[in-house]
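Taken from TrEMBL as is:
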{"type": "TRANSMEM", "residues": "7-28", "note": "transmembrane segment"}
{"type": "TRANSMEM", "residues": "34-53", "note": "transmembrane segment"}
{"type": "TRANSMEM", "residues": "74-93", "note": "transmembrane segment"}
{"type": "TRANSMEM", "residues": "140-158", "note": "transmembrane segment"}
{"type": "TRANSMEM", "residues": "170-192", "note": "transmembrane segment"}
Amino acid sequence: MADNNIFLFVPNLIGYARVVLGLGSLYFMPTNHVLAASLYILSGFLDAFDGHAARILNQSTKFGAMLDMLTDRCATMCLLATLGSFYPSYLFVFQLVMIVDVSCHWIHLHTSNVLGKTSHKNVGEEENALLRFYYTSRPFLFFMCAGNELFYSMLYLLHFTYGYTFLGMSVIKILVVLLFPVAVLKFILAIMQGGSAWRNLGYIDIKEREESDKKQ
């Protein structure tokens with residue numbers, strides 16, 4: 001008989017480890033940038049394995065999906081809050097990114113649940129082609145998520161150090177420049193995701209009201 005104690009499923013154990021690593025990263029952010037960045041990036045790196053483990057071991061759960069998403073959103077939000085204090089001239093930009101990141105992911109997950117989808121990553125043919133590709137291509141999804149997190153991590157490190165140099169240029173600065181378009185595209189995708197979710201939620205309301213009118 002299968003063990004259905006989902007709290008001890010492998011992907012959820014990875015999720016718990018990510019929470020611990022994330023909290024450790026936040027604790028050391030003001031004082032130890034090397035340790036903080038290492039813990040943060042390691043937590044993000046493990047994000048690629050919990051979903052893989054869930055599929056391989058047939059241990060996908062709603063609990064794990066929520067744990068994964070909240071860990072991602074909270075970690076990114078706290079890092080952006082830190083960046084806002086490091087780069088006060090861009091505080092509004094970081095605040096805007098936080099608003100879009102949290103709200104659009106939440107409404108997307110909520111609408112997916114209302115629609116009865118087994119996963120918020122299941123998108124229909126009616127969705128925007130780019131958004132559909134984002135969720136159906138695992139390499140592209142990984143590249144976008146990893147690139148986005150690495151961009152903000154490099155911005156964090158840049159506050160403390162230029163790091164190693166290559167041909168007289170800071171490697172950290174090079175990564176920031178190269179990854180900036182990824183962060184912008186990720187921001188746009190989040191807006192598209194949120195807009196689609198709000199539209200679908202509105203359609204649900206319209207359908208329910210029409211069905212209610214027919215019964216009267």
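Every residue, even glycine, has its Cβ placed from backbone N, Cα and C.
Long-range Cβ contacts of the transmembrane segment (7-28) within its own chain (Cβ-Cβ under 8 Å, at least 6 residues beyond either end) map to 35-37, 39-40, 42-43, 46-47, 49-51, 53-54, 57, 59-61, 63-64, 67-68, 71, 74-75, 78. Count of Cβ pairs under 8 Å against the transmembrane segment (34-53): among 74-93, 140-158, 170-192, the largest is for 140-158. Long-range contacts of the transmembrane segment (74-93) within the same chain, counting only residues at least 6 positions beyond its ends with a Cβ under 8 Å from a Cβ of the stretch, are 22, 25-26, 29, 40, 43-44, 101-102, 149, 152-153, 155-156, 159.
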